[in-house]
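Before any comments, here is the structure.
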């Protein structure tokens, strides 16, 4: 069933930017994307992308790549379960309460606009990239800086990186009995990681000290309870950094040599992912799921969570001429350009563009934790045993984010939609990053026993 909407809000389709015609399969979309989504689901069509699975989808180009168009339909929230399998006209009338809530919030937004006496300014069409930001002013001197993080028991390497990310201290891959095993095995007992070390797992690994968590966030006016809970789950950044640095500094068995720069970056990403797994295990709803569903969700979104973690770190870093590593070290973009390959350099620059875009949107910590939760509970995941629980979590997070943005940013009427559009770019970036990692893997350039490659292979099987 299609639901009407308020035309004076002049909504734009979140998939292609065309004018919406009503509520279709979970949200407001245009007639074209409504029909495309319905045909794809009912006919069980499978598309392929001839490019890099990150094609631009707008009103003029929406028919060029059905694969990317369908992926964007799922990303912005169109619901597979809302399409009738019997091919009869009309959708499943199970989203009526959500539509009514959405209409009520839009009425509230209109009232705020009228009360404040300003005209609703619509942003760029959804699915159409905003104007490119001005070129960053890379005025910092070349090289790398390692600012001393506060409160670290074992700070990051203080010497310069001689070769794009390689510290002067002997950093090595953590022991097979270190946090890698300790954080994954308790949650996923069936997971087997092939070790490059001769010593087998004779006994369950002992986890290291847990990540520290900050004082509970008490919230404030206009902060939904879900966001308050998510803020309380956020780990202390200094504690996470200290743990990762400590793991990287553990001596490797039989490997006293200094690791290569790219290998070191992969190990940083491994340890960052372990901290993300620890966060997910503490999340409401996620900890209620069966282990199989937990693994399915993480296999679907691990790269997006890593990319979004990097993006938010750069927003906090606030320097256009350098990037901040999870260890607290700064790497000049000029160093990346000079020493990284063209593929990695392109990825970094594309990520920096998203950093500028989210900075312009004034992304705050409350929105960050809610978006991270939305990434974890993606609705396009198949073969879940408890799909209804995941769907409920997604709907509550969407509602919380919408409430928060309307309350705290009433002058930015479309901020909620713009934030969701940024998640589309996060996904595109993560897919490009996975392709890069797999390319390095095929060239035997990835370090052995790498968790990221195992996640890639688990997704493909």
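Indices start at 1 and increase along the chain as displayed.
Cβ atoms here come from the backbone N, Cα and C positions, even for glycine.
From the candidate list 341, 413, the residue Swiss-Prot records in the 1,2-diacyl-sn-glycero-3-phosphocholine site shared with 436, 440 is 341. For the ranges 87-118, 119-150, 151-182, the feature annotated in Swiss-Prot as region 'Disordered' maps to 119-150.
Residue counts for the DNA-binding region (10-85) under DSSP, helix first, then strand, then coil, are 26 helix, 8 strand, 42 coil.
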